[in-house]
Each structure stands twice: as structure tokens, then as C-alpha cells.
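Just below is one structure, and these are the notes that go with it.
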Amino acid sequence: MLFNSFGFLFLYLPVVLAGYFVLAKLRPRWAIAWLALASLCFYGYWDWRYLPLLVASISLNYWCAARMLASRHRRRQWLVLGLTANLGLLGYYKYANFFVAGLGTLLGAPLHGWDIVLPIGISFFTFTQIAFLVDCHRGLAGEYRFIHYALFVSYFPHLIAGPVLHHKEMMPQFERPPGLHAADAAVGLSIFVVGLAKKVLLADPLSPLAGPVFAVQAHPQLIEAWIGALAYTFQLYFDFSGYSDMAVGLSRVFGVQLPLNFNSPYRAGNIAEFWRRWHMSLSRFLRDYLYVPLGGNRRHRVRNLMLTMLLGGLWHGAGWTFVVWGGLHGVYLVLHRGWTAWAGNGPPRWWGRGLTFLAVVAAWVVFRAPDLATAGDVLGGMAGANGLALPHGLAAYAPYFHGGAQFSGIRWIDFGGIGVPVLALAMPLAFLAPNTQEIFRHYAPCGAAQRRLHWSWRPRKAWSLAFSLLFLGCLFSMNRVSEFLYFQF
């Protein structure tokens with residue numbers, strides 16, 4: 001079930017909200033159980049055959065955690081059991097075919113992969129539970145009721161595409177008596193509408209611009225390659241930003257605050273800041289549960305950074321493009337640290353922003369491409385290796401080009417559609433417009449906002465009218481339901 005579907009908006013969500021708030025007044029514990037059950041139904045709607053897998057994962061991890069907390073001397077054994085189960089599950093469903101294909105390449109004979117369907121959200125609920133088990137082993141987690149733990153893992157606003165939750169942030173909220181607060185509902189629904197607009201009005205129209213450019217053997221020329229690369233760069237931005245806003249908004253309606261996961265990353269002045277703004281919960285997990293245990297900044301910093309980013313790339317998908325994408329960001333971070341250690345500080349803010357953005361765009365090309373050959377083809381096109389083709393309409397001005405230009409037309413970009421105007425709008429919005437943290441700063445959706453505005457959202461009629469019209473615009477644009485890009489991870 002998708003947040004941007006009519007079934008979710010007009011059936012699932014109203015039923016879940018009504019049941020939750022009625023039970024919250026009658027039996028608070030039942031309200032928590034209702035929300036956990038509704039979250040499991042949300043997951044089962046995608047494919048009910050994988051619902052037992054999620055329930056078994058929750059039960060096994062809870063049991064391992066309980067055993068660790070009850071035993072001082074065998075904590076390590078229970079941790080190993082839990083980690084083996086989690087990583088084995090993730091490895092089988094997500095990476096089995098990747099390793100089989102790699103083995104076939106090494107042997108010089110293609111091997112047939114298995115017919116495995118990746119359970120949706122498996123990377124998110126697996127990492128969430130790994131962090132919990134590790135903290136139990138470290139003595140940083142307490143014992144919780146099973147119903148609270150089940151809701152913590154399966155909570156539907158985060159289950160499909162994040163954020164990666166942490167028990168210290170979520171469990172105290174789930175243990176509080178549930179209730180309905182008008183301010184939470186107003187703020188949450190408004191943030192949800194902003195996220196829906198990002199997805200439906202900005203991200204989805206950019207998809208037709210990017211798709212043909214990244215097709216195998218498309219050989220995009222200079223203009224095509226740049227438009228396709230930028231289209232995907234901003235499609236992914238508003239797709240993930242939209243999902244993050246919708247998740248935060250939905251959770252706020254229930255009175256639960258999710259951690260900030262997206263904070264205008266294209267404003268970053270360097271690559272380290274980019275990773276402090278993009279997929280923040282994943283960055284935190286990789287830092288706390290991989291980079292620091294490897295040694296962090298104390299020893300082998302380059303090795304630790306590269307290994308962390310390579311595994312972070314592999315987390316996104318089982319393919320060499322994801323590995324190379326992670327490796328690129330690892331190299332970026334190593335170069336950034338080397339520069340700051342040598343120069344003492346980074347380049348001027350404006351220059352750093354531009355350089356960081358170009359590096360991120362180049363890496364997104366590898367991330368989006370179906371294979372490394374196509375990635376190289378698109379990057380080559382961006383560098384002019386595939387030539388420069390100009391629209392037929394410019395042929396009348398041929399004398400001004402002094403030869404050397406081909407007026408063969410733009411093959412892969414539809415200038416007659418809405419994609420190019422949306423791209424022209426999306427770029428300044430990403431770089432300059434306030435984000436939801438700033439617009440709703442008086443209500444702290446995910447904590448304090450970094451930038452103060454002279455204006456902000458208030459529960460007033462003008463804002464209600466504006467968001468109602470925006471919601472109607474989204475509904476009229478939802479003629480085709482499209483998945484969020486991060487669903488595949």
C-alpha cells in the first residue's frame with residue numbers, strides 16, 4: 001500500500017485513525033495493539049506471504065534481546081545468534097543472486113540465480129533491530145513490552161522506506177498513554193500534504209525525463225545526458241524528501257515524533273555535510289554501529305571510511321553500481337578530510353556547494369544506471385564524448401555556430417511535456433526554498449529548525465485553504481500511482 005494512493009488516503013488511514021483514537025479513550029493498551037495490528041496489515045497488503053517473515057523476525061529479535069538482558073554471562077552468544085539471523089535473512093533475500101552471479105563470473109560460466117522476491121522494507125526493519133540488539137549487548141537498552149517492541153519495528157509510517165528507527169527515541173513515545181491532540185493532527189496532516197505534493201507534483205513528472213537517458217545503449221549526447229542526470233537527481237531528491245515528510249506527518253497525527261531523516265542535502269557546502277543531511281538515520285547507523293566499532297577516527301581512518309561507505313552502497317542494492325556509488329562517496333569523504341587537514345578549512349561556501357553538488361550528481365548517475373557500462377555512457381555524454389546535438393529549430397541560426405554542430409534534434413528529451421518546466425522549478429526549490437522543518441518550526445516536527453524564517457505555518461484559515469487547494473491539486477494529479485524510489489532498497 002502506498003501513501004500516494006486513494007485506498008490509503010480514503011480507506012486505510014481513516015479506519016486506522018478512527019480505531020486508534022476510539023480505543024485510546026477506552027483502553028489505551030488496546031490502542032497500541034490496534035496500531036501494531038494495523039501496521040502489520042499495511043505490510044501484508046503488499047504481499048501477505050511475507051507477513052509471517054516480519055512477525056518471525058520481530059519475535060526472534062525480541063527473544064534474543066530478552067535473553068541478553070536476563071543473562072550477564074551469555075550476552076555475546078545471544079548477540080551472535082541475533083546478528084546471524086538478521087544478516088542471514090538479509091543476505092538470502094537481497095544478495096543471494098548477486099553473489100551467485102559473481103561466482104558465475106569467477107568460474108567463467110553463468111549460473112542460474114534463484115527466483116527470490118525481495119521483501120519490501122527488509123533493509124529498514126533489519127537495521128532497526130540490529131541496532132537494538134547491539135545496544136542490549138552494550139547495556140544501553142532496557143526491557144520493553146512485546147507489543148511496544150512489535151510496534152517499534154512494524155510502525156507503518158517508517159516500515160517501507162525509513163527512517164531507521166532507534167529505540168531510545170521511539171520506545172518512550174510508544175509507552176506514553178495515547179491520545180488525540182488537535183495541534184498534532186493539524187500539523188501532521190499539513191506536513192503530509194507537503195510531502196504528497198513533492199512526490200506527485202515534482203518527483204513523478206521528472207521520471208519520463210530520466211528514464212530514456214538511462215536506457216541501455218541510449219548513448220545520450222551532451223544536452224540529453226545533463227538533463228537526464230539532473231532530472232534523476234531532483235526526482236530522487238523530491239521522492240525521498242516527499243516520503244520523509246509524509247512519514248513524519250502521519251506519525252505526528254498519532255502524537256509520535258519520528259527522527260529527522262532529510263534536511264535539504266543539496267544545500268550542503270561539502271560532502272561530509274551532505275551525509276549529515278541525506279538519509280540521516282542511515283548515516284547515524286553506519287557511524288555508530290560500523291564506523292566507530294571499526295576504529296572510527298582513532299586508527300585506519302581511510303580504511304574505515306571506505307569500508308563503511310562501500311557497505312552503505314551495498315545496503316542500497318545488490319549490484320556493482322551500488323558498490324561503486326558507495327566507493328565514490330568514500331573517495332569523496334577521504335578527499336574532503338585530506339583537504340581540510342591540509343588547508344585547515346574548506347573552500348568558500350558557494351564554491352563548496354557547487355563542487356559538492358556536481359560530485360553528488362556524478363555519483364547519482366552510477367546509482368541510477370542499470371549497469372556500469374550504461375553509467376559510463378551517460379557520464380561520457382555529460383562530458384561531451386557522445387557529441388552535441390541541437391534541436392532542429394536552431395538550424396535557421398546555423399551561420400552563428402560556425403559549423404561543428406549537428407541539428408539532428410534531441411532524441412530522448414520531450415520538450416513538449418511538463419518534465420522540463422518541472423525540472424526548472426525543482427532546482428531553485430531544492431536550493432533555496434525553506435524545508436518543512438523551517439516552515440513548521442514552531443511545532444518542531446523533528447526537533448529544532450536550523451534556519452529561522454520571518455513567517456511560518458500556523459493553524460489559521462489562510463493556511464488551511466492553501467493546503468486544501470494543494471491537496472486537491474495532488475488528488476487530480478494522482479492518475480497513476482507510482483512507487484517511491486526507496487521502496488526497492
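In case you wondered, yes, glycine gets a Cβ from its N, Cα and C as well.
Beyond the ends of the transmembrane segment (6-23), by six or more residues, the same chain brings 30-31, 34-35, 38, 42, 178-180, 250, 253-254, 478 to within a C-beta distance below 8 angstroms of the stretch. The annotation transmembrane segment is assigned in TrEMBL to 6-23 (among others).
For 52-70 (among others), the entry in TrEMBL reads transmembrane segment. Among residues of the same chain six or more beyond the transmembrane segment (52-70), those with a C-beta under 8 A of the stretch's C-beta atoms are 40, 43, 78-79, 81-82, 85-86, 89, 119, 125-126, 129, 132-133, 136-137, 141-143, 146, 149-150, 153-154.
Within the chain carrying the transmembrane segment (77-96), a Cβ under 8 angstroms from the stretch's Cβ atoms is held by residues 53, 57, 60-61, 64-65, 67-68, 71, 113-114, 116, 118-119, 122-123, 126, 129-130, 133-134, 136-137, 314, 317-318, all 6 or more beyond its ends. Look at TrEMBL and you will find 77-96 (among others) tagged as transmembrane segment.
Annotation comment: TrEMBL describes 116-134 (among others) as transmembrane segment.
Taken from TrEMBL, the feature transmembrane segment covers 146-166 (among others). Long-range Cβ contacts of the transmembrane segment (146-166) within its own chain (Cβ-Cβ under 8 Å, at least 6 residues beyond either end) map to 29, 32-33, 35-36, 38-40, 42-43, 54, 57-58, 61-62, 65, 120-121, 124-125, 127-129, 131, 174-175, 240, 243-244, 246-248, 250-251, 256, 258-259, 261, 279-282, 284-285, 484, 486-487, 489.
Distant neighbours of the transmembrane segment (178-197): 3-4, 20-21, 24, 28, 31-32, 35, 241-255, 436, 439-440, 443, 445, 457, 459, 463, 467, 470-471, 473-474; these residues of the same chain sit at least 6 beyond its ends, with a Cβ under 8 Å from one of its Cβ atoms. The feature transmembrane segment is assigned by TrEMBL to 178-197 (among others).
Residues or ranges marked as transmembrane segment by TrEMBL: 307-330 (among others).
Using a Cβ-Cβ cut-off under 8 Å and counting only residues 6 or more beyond its ends in the same chain, the transmembrane segment (350-367) has close neighbours at 229-230, 232-233, 236, 266-271, 273-274, 316, 321-322, 324-325, 328-329, 332, 375, 378-379, 382. Summarising the annotation, TrEMBL assigns transmembrane segment to 350-367 (among others).
The transmembrane segment feature in TrEMBL is assigned to 379-400 (among others).
Here TrEMBL flags 412-433 (among others) as transmembrane segment.
The transmembrane segment annotation in TrEMBL covers 462-481 (among others).
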